[in-house]
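Chemist: Before I ask anything, let me first share the structure, which is written out below as C-alpha cells.
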Amino acid sequence: MLPTILSISYEHTYAYLSKYQTAYACEGKKLTIECEPGDVINLIRANYGRFSITICNDHGNVEWSVNCMFPKSLSVLNSRCAHKQSCGVLAATSMFGDPCPGTHKYLEAHYQCISAAQTSTTTNRPSPPPWVLSNGPPIFGNGSGLIHPPGIGAGAPPPPRLPTLPGVVGISGNPGLFNVPPQHTAVTHSTPSSSTTAMAGGRLKGVATSTTTTKHPAGRHDGLPPPPQLHHHHNHHGEDTASPTKPSSKLPAGGNATSPSNTRILTGVGGSGTDDGTLLTTKSSPNRTPGTAASGSVVPGNGSVVRTINNINLNSAGMSGGDDESKLFCGPTHARNLYWNMTRVGDVNVQPCPGGAAGIAKWRCVLMKRMPDSGYDEYDDDPSSTTPATSSADCLHNSSSCEPPVSMAHKVNQRLRNFEPTWHPTTPDLTQCRSLWLNNLEMRVNQRDSSLISIANDMSEVTSSKTLYGGDMLVTTKIIQTVSEKMLHDKETFPDQRQREAMIMELLHCVVKTGSNLLDESQLSSWLDLNPEDQMRVATSLLTGLEYNAFLLADTIIRERSVVQKVKNILLSVRVLETKTIQSSVVFPDSDQWPLSSDRIELPRAALIDNSEGGLVRIVFAAFDRLESILKPSYDHFDLKSSRSYVRNTAILSNDSDVNAGEIQQRLRILNSKVISASLGKGRHIQLSQPITLTLKHLKTENVTNPTCVFWNYIDHAWSANGCSLESTNRTHSVCSCNHLTNFAILMDVVDEHQHSLFTMFDGNMRIFIYISIGICVVFIVIALLTLKLFNGVFVKSARTSIYTSIYLCLLAIELLFLLGIEQTETSIFCGFITIFLHCAILSGTAWFCYEAFHSYSTLTSDELLLEVDQTPKVNCYYLLSYGLSLSVVAISLVIDPSTYTQNDYCVLMEANALFYATFVMPVLVFFVAAIGYTFLSWIIMCRKSRTGLKTKEHTRLASVRFDIRCSFVFLLLLSAVWCSAYFYLRGAKMDDDTADVYGYCFICFNTLLGLYIFVFHCIQNEKIRREYRKYVRQHAWLPKCLRCSKTSISSGIVTGNGPTAGTLCSVSTSKKPKLPIGVSEEAHDDPQQQQQTPVPITEDAIMGASSDCELNEAQQRRTLKSGLMTGTLQAPPQTLGGHVVLERGSTLRSTGHASPTSSAGSTHLIFAHKQQQQQQQQGPLGESYYHQPDYYSWKQPPTGTGGLKTPREYYNNTGAAASSPQQAHEVFYWTQKPNSGQHGKKKRGAGGVPASPSGSLHSRTAAASQVLFYPSYKKTKAGQPTGYPQYAEALDPPLATGNAAAYYQQQQQLRRQQLHLQQQQQQQQQLSSDEEQVEQHAHLLQLQRRAGSQQQLPAPPPHMAQYQQEFMQRQYRNKQSNCDLGMGDAYYNQGSVGGADGGPVYEEILSNRNSDVQHYEVGDFDVDEVYNNSVGTGVFNNMRAAVAAGGSRYGGGSLSGGSVSSRSQQQQLKKQQQQQSLAQQRSARRCTADDDDDEDEEEDEEATAAEQLHDSVCDEDEEEDESDLEDDAHGLPPQSDERMRRLMAMQDEDFKRRFQRQLRKHGAPLDYGALPPGAGPQPEHNGAVFGVSGGVGEGSKRGAFRQQQQALNAKSPGGRLAVNDLFGHGNSGPPLPPANQTPAQKRQQLQKLSPQSTTSSSSHTSHSNPNPHPHQLTHPHPHQHPPHHQQRHLSAMLDENNTVRCYLEPLAK
C-alpha cells in the first residue's frame, strides 16, 4: 500500500524547496518582482492595505489603521505576475481600490521562484514550508513516482536512547515529513531487529517491522489524499510478496530484551523555530517470549495483519467505518485566525502565520487519555463490538495461542476507547510569527543614527493597540534590552546632567509602559502562543530589561532622589539615598503608591549601608501585576527539555496492568502572590549581611496549602527557594526572609476542591483502617473509664486511680480530636480550635504520665509502700500542674502567634516553626524524659529493696508496685510510638514521601495495640474487675436467663489458716439442696467421717468465686473442715453445723450472705431473721469461734426442755429438741479485729498492717480483713416493694421431703407471717400524710418491736473446755482476736413491725452510700482495755451501777437524762477517780487534744471531758507500738495501724455518744439500760469496740465494766461471752432505743402513748435493779415490763471484696 502526501502535490513540494521571498511597495510606488532565468513567479499571498504601523511610516504616524486589507489583492497580482519571470504592479487605489481611506497603504507580496516546468500544477492553496520535504536519493528503486510509506524498511540501528525529535523529521536526518532510510526499496524483507523505527513522520516509535507489501490505498471522498497508513495488511498471495517472516519462528529471542515494561505517552510542543516535541510510545514488555507478538509484530487474523504498538492498536482490520478511523485524527478547527485541517495523530500541522506576520504556525495532534465519566467502566466491552472469528489457517502459525491474539487485539481496541486525538497544546505555536512592524523596529534600533526615544515610544504605542503573536514577545523584550545598552553609551554625549536624567527618564517611562502592555490581559493570547520554556525566557528578558533601564537612571542620579514610574501593571521606584540620612529600614511600596496589593518588602539599614557607594545607596524596587500568570512553576510539568509538556495527568499504558493504575498524580503548584522585586546598585543581586523581610498576600485563600518562599532565578528561568525561608504564614499572608535580592513570590500547593480533607492523601484501605483503629482505641478507653465509675467500690480512691482516670480522659480527647481534625480543612476557624485543644490534651496526657512515674517513685521512697490511700493534696497538685501548665503553654502560644494553629496543612498539626518546637516539642520531650528518668530510679530502688530483708507484706506490695511500673513503662513506650508514627506520617504525606504509607500503617497498628493494652493490662488483668464484670453482666435483666444466676442463690466461702495454709476453702454442697452457707452440707450432718477430711487449699480466684452469688455450683461436692487445732492456726472443729463463717487467727474473712441484684459492686449485704432457733456454739476445743442465727420467730416456738433452752452439752453435741428441727439457710456476719501482742509500743508511720490486695495491681484496696468500716447508711425502698425473700421458702423445702410435719407447719406459719407483714407495710405507706413522710418512711429500715421473754440464756461451754477458759480469754484479750456474735439477747432484734405485725424479716438489705465511705476504723487499734486492765476494778463498776440506780448514769462522759440527772459533784467524783486509777495517765508522754466544740452547752462539756480522757488512753497506746511490732512479727500477725486511724475512731465514737445522748434528752427517756446504746450499760468485758461504741459505763469506767460483766457471766457460764445483742440490749428492763425509723405520723402516735406513769415505772424498776445482775438477767428483760416505743437503733453489716465486714448502724433521727 502506497500512501500519498497530505494536502500537497509533488510540485508543491519542490516549490517549497525554493526560497521564500517578500516584497513591499508603498502607496504611489511600483512593486517589482523578479526571478532567475528559467524560473517563474509563484505568488503565495498578497495584500494592498496596511497590517503594520512601521512599514511605509517614516514619520511614525500611529493613527493609521493596521487592519486594512483589499480582498482581491492576490487576484490582481496573479493576473499581472503569475508564471512570469518578472513583473511590476503600481500600488495605487486606482489598481486595487481604497480599503481604508485616510490611511497610508502599501502593497505586500509573498512569492517564490519555481521552475517553469511545474507551473501547470501550481495552485493558489497555501503550501507547507520548504522543509516539509528534502532532497535525497531516489525514493523508489524502480523509478516510480510513488513515495514509500513511512515505517517500511530494514530499520535503523536502535539509538542509545529515545531522542527528542523535531516536529517534522526529514529524510536522511533533515527536516521533512517522513523519515525514510537512504537505501530503500518498495518491498523489503527484514526481521524486527530494531525496537525503534520511525513511523508517521517520526512521531510514533518503538515499531519493529516485519515483511510488508505496500499498496496505494483508495482515494478519500473529501478529495484529500488518505493519510499514510500506520499498519499494513499482509498479502500472502501478492506478486511482490517474498517469503513472509513468521514472528513465531523468525523473531530473535532477545529482540526486546532492552525494552522497559511500561509505555509513557509524553506530549508537547516545539520551540525555537522547530518542533522538538515528541510522542513517545516506546518501552515494551521485557518478558516477551519468541512465541508471542512483540512490539510491532504481525498478528494474523481474518486475513489481515493486526499490528500492535505496545498493546495499543492504532489501526487494525477490526476497525471499520469512519468513526473508528477518525479516532486517529484531530478534527478541523479554527484558532488564531487560521483554519487547521484534519491532522493525523503524531503529526504537526504547519501553515503560515496569520495577519501579515512573518513566519509559520504549528500545531500538533496527539493521542491523549479521555477523562472517564462517573460510573463508566473504561474496560467494559463494547456491546456493539464483535470479536472476529479465527480461521483454522491462522491457528497453524501458533496453535497454542489461537484465541489470545484476537482477544489481545480486542483488548487493545477497548483501551483505545479511553483515548482521543487532541490538538496540543491548547493553542497553536506561533513562536516564529513576527509582525512586520516589529521587524522594522528591530532593524531601526540596530542603526546608529536611530532615535532610541522614538523607537521606545513607537514600541509602547504599538504594544498598547495591536495584537501580538508569540514571536512578537521575543522581539519586544529583545528591543528593550538593546535600547538600554545603546542608551548607556549614548548618555555620555549629553554634557548636561539634567538633560541626561530627562532623556533616561523618558526612555524608562516608555520601557515601563511597554512592559505593562505586554503584561496586559489583552496580550494573554500572545503569551499562550509561546511554549512554556519560551514563556519563561521572555519573562526573564522582560524583568532584566526593566531592571537595566531602571539602574541606568539610578546611576545617572548623583544626589538623593526618588523616581516613581506607575503604570497599569507595573510600579517601579528608583531611590537614591544618602547613607547618613538612613535611620531605619527602607520599605517598599508605600501604602498610597500601590493599591493593587498589600505586598511589602523591607530592607534593613545595615544591608543598605554595606552596599553603598560614594555615600549613596541606589535601590530599584518593582511590583508587577499579572506576571504571576506567566511565571508558572516549571517543576509542575514534565521535563521541559525532553518533552515540553505541562499536561499533568499523563497516560501510562502497561502491558500487564490497567491504564488507570499508572496514572501519574503530581502535585499542582501555583504562584499564589504578586511578584515583587528589589535590587541594590552595588552588585545588584548579592548576598546581604542581614536578611530582608517580605510580606506577601495570598491571591487564593481556599484549597491551597504549603506556602514556599521563592525567587526567580535568571539563569535557570525558574523559581528557586535557595536563600529564602518562611517565617510565618496564615490564611491570607505569608512572611518570608531572604538573604539576597531579586524577584520574590510565594508558591503554594493546590488542594482538590472536592476532597480537601486530610483523608485525601489516604488510599481507601488506609482510611478504613484508620477509622477502625481509632474506633477500637476509643471503645477500650471508654470501657476503662466506665469500669472506674461503675465499679468504684472495687477501688480505693488513691492517687494512682486518679492519675489513670486523667490519663484515660486525655487519651480519649486526643483520639476524638484527631479523628475530627483529619476531616476538616486547614483553612477553617474550627480547625484552629481543634488544633488548640489537641495541643492542650497532648501536653496534659504527657504530664500525667510523668506524674504517674513520679508517684511510683515516691511510693517506693516513702511510707506509702504499705498503705495506698487517697492523697488529696498530692492529687490536687497533680491536677494543678498538669492542666495548669498545659493551658498556660497554649495560652502563651496563642498570645505570641495565634495563626500558628491555622496555617498548617492539617488540623491536627501546628506549623513547624520556632513556636511549635518551643511550646509543643520541648514540653513533651521534658515530660517524657522525666517519666523515663523516674521509672529508671524506681527500678533501681526496687532492685535494692529486693536484696534486703523485708516482711512478707512488704514483698507483696513491692511486687505490686513493680508490676505497675512495668505496665506504665510499656504504656509510655506504646503511646510514644503512636504519636511519633502519626506525626511522621502526616509530615511525610505532606511532602509526598514514599515512606508516608509505612508510618501510616505503623500508626494504625500501634493505636490499635494501645486500646487493647488499656483494656487487657488495666482492666482484664485485675481479678477483682473480672469478678465484677461477671457479677455486673449476670445480674442484669437484659441477659438471657441461662446466663444469669438465680437471685435467690447464696454465695459463701470460708478462709482458714495462716501463712502457707491461708486460703483453704472448706465446704460441701450437693445438687439442689437447701442453699446453705459454705461449710454446711447434708453429708456433714449425717456422716461424721466426711467431716474429718482434710481442707483443700484453693486459690484466690476460687475463694472469691465461691463467695460470689453466681459462682456457687450446687451440683459440686464440697468438703468440710477437718477437726483439730493446727500448729499456729486456729481452725473450725468438725461440729460446724448450720452455715456460718469461721474466723481464724491471721486469716482473712469470708462471709456467707445473699447478694442482692441491687447490690453495689464489690459488696455482699447480709440479711437476717431467717427462721431458726437461737443457738450459741463453741467451735473447737478452745471454743474460739461462734456463730449465731438470729431468729425472728423463735418467740413463737413452744418451749422445749427447760424453759425452751438446751443445756450446754446439748448445744455442744447438737442434741435436744433443736436437733430435730430442720437446719435452714441463714446468714450471719463477723468482723475481724487487728491482732495485737500483749505489749504495745510506738510504731513507725506508714507501717499499718494492711495486707496487700490479692491482685496487687493498679486498683488495690487498702482495706483488708483486719479493718472494720462503720457507716451510718440506709437504703431507700420503693413504695409497695416486697421485703420478703424467696430464699426463705427455698431453705425450707428439703425438710418437707423428709416428711417432717413440724417443719411443714413451721414453714406455713412463716409464709403467713411474711404475707401479713407485707400487707401491713403497704397499709402504712398508704397512711402517710405527705410525700415527705413517704420518703422518710422508705428511707428507714423496718420497724422493730421489742418483745419480752424472747431472750434465752447463754449456753454454758462444754465441761472439757473449762480448763482452757481463762487462758483463752486472756489470749483473746491480748490479741484482740474476737468475733461479733449475735447469739445473746436477741430481744433487741426479734421485734415486730410498728403495727405489731408478726411476719416479715427483721432487716431489709442496706445499700452503702459510697460518698459517705470516708471513715476507716481499726477495731484492733481501739485498745482501751489495756489502759484499764489494772486500774478499773469492781468498785468503779459498783459506783457506776449506783449512779445509774440513782438516776445519774453517765454514758461516754455525757449525761443520760431520763427521769433525773446526776449532779455535778457525782460527775466530778467519778472523773477524778478515773484519772487517778488510769494506768494510761501514769505512762502518758503527751496528750491528744479532743476535737470537741467549745460552744457546746453544759452537757456537751461533760461529753468533751470523757472524749479527752478517751484520747488520753489512745495516745498512751502509741508509745508501746514499737514493741508490739516485734511480737507481731513473732506471731505472724499484721502490725497495728497508725495513730491517725485511732484518733479518727475515737472522735467518731465520741460523736456517736453525743448524738445519742441528745436524742435521749430530747425524748425524755428514762434511765433504762435497755435504752442505752451498746456498751453503755454494765456488761462483761469485750475485747474490742463494736459499731463505733467503745463500751464502758460512765466516766470512771470504760473497759473495766466489760471485765466485770464478763466475770459475772463466767460465774454462771464458764467460757460464755457477751454477744452484740447484749451490747445493744443491756439489762432486763427499760425501754429500747427510740424508733428512729418511724414516720412523722407514727412518731406522733408514739409520743401520745407516752405517759408519766410509764416513765416513772421504768425509773422505779431501774432503781431497784440488782447492781450485779445475773447473766441471765442481763439478757432478759422483765416479763411484765412494757417499754414505751422510743427510738430504736438497728444494725446491719456487709462484707466487701477485701474481706472487710462493714457494719451499718442506723442513723439517729434529726
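Glycine residues also receive a Cβ, built from the backbone N, Cα and C atoms like all the rest.
Straight out of Swiss-Prot:
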- N142: N-linked glycosylation site (CARBOHYD)
- N256: N-linked glycosylation site (CARBOHYD)
- N302: N-linked glycosylation site (CARBOHYD)
- N341: N-linked glycosylation site (CARBOHYD)
- N398: N-linked glycosylation site (CARBOHYD)
- N655: N-linked glycosylation site (CARBOHYD)
- N703: N-linked glycosylation site (CARBOHYD)
- N730: N-linked glycosylation site (CARBOHYD)
- S1156: phosphoserine (MOD_RES)
- S1253: phosphoserine (MOD_RES)
- S1260: phosphoserine (MOD_RES)
- S1329: phosphoserine (MOD_RES)
- S1330: phosphoserine (MOD_RES)
- 1-767: topological domain 'Extracellular' (TOPO_DOM)
- 823-828: topological domain 'Extracellular' (TOPO_DOM)
- 897-920: topological domain 'Extracellular' (TOPO_DOM)
- 990-999: topological domain 'Extracellular' (TOPO_DOM)
- 768-788: transmembrane segment (TRANSMEM)
- 802-822: transmembrane segment (TRANSMEM)
- 829-849: transmembrane segment (TRANSMEM)
- 876-896: transmembrane segment (TRANSMEM)
- 921-941: transmembrane segment (TRANSMEM)
- 969-989: transmembrane segment (TRANSMEM)
- 1000-1020: transmembrane segment (TRANSMEM)
Chemist: According to DSSP, folded down to helix, strand and coil, what is N703 (N-linked glycosylation site)?
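Modeler: In three-state terms, N703 (N-linked glycosylation site) counts as coil.
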Chemist: Which of the listed glycosylation sites (N341, N703, N730) has the least company, meaning the fewest other Cβ atoms within 10 Å of its Cβ?
Modeler: N341
Chemist: Determine, to the nearest whole angstrom, how far the Cα atom of N730 (N-linked glycosylation site) is from the Cα atom of N341 (N-linked glycosylation site).
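Modeler: The separation of the Cα atoms works out to 51 Å.
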Chemist: In Å, rounded, how far does the Cα of N703 (N-linked glycosylation site) sit from the Cα of N341 (N-linked glycosylation site)?
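Modeler: Pair distance, Cα basis, whole Å: 40 Å.
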Chemist: Which stretch, 768-788, 829-849, 876-896, 969-989, tops the Cβ pairs under 8 Å count with the transmembrane segment (802-822)?
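Modeler: Most contacts with the transmembrane segment (802-822): 829-849.
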Chemist: Does the structure show the transmembrane segment (921-941) and the transmembrane segment (1000-1020) touching, where I'm treating 3 or more Cβ pairs under 8 angstroms (sequence separation 6 or more) as a contact?
Modeler: no
Chemist: Are there residues at least 6 beyond the ends of the transmembrane segment (768-788) whose Cβ is under 8 Å from a Cβ of it, and what are they?
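Modeler: Hits for the transmembrane segment (768-788): 759, 762, 795, 801, 804-805, 808-809, 811-812, 815-816, 818-819, 822, 1000-1001, 1003-1005, 1007-1008, 1010-1012, 1014-1015, 1018-1019, 1025, 1259.
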Chemist: For the topological domain 'Extracellular' (897-920), what are the same-chain contacts with Cβ under 8 Å, counting residues 6+ beyond its ends?
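Modeler: Tertiary neighbours of the topological domain 'Extracellular' (897-920) are 705-706, 727-731, 758, 817-818, 820-822, 824-829, 831-832, 834-836, 838-839, 842-843, 889-890, 982-983, 986-987, 990.
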Chemist: As a quick check of your reading of DSSP, tell me how many residues in the topological domain 'Extracellular' (897-920) are helical, how many are strand and how many are coil.
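Modeler: Counts, helix then strand then coil: 11 helix, 0 strand, 13 coil.
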Chemist: Average the pLDDT scores across the topological domain 'Extracellular' (823-828) and report the rounded value.
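Modeler: On average, pLDDT over the topological domain 'Extracellular' (823-828) sits at 60.
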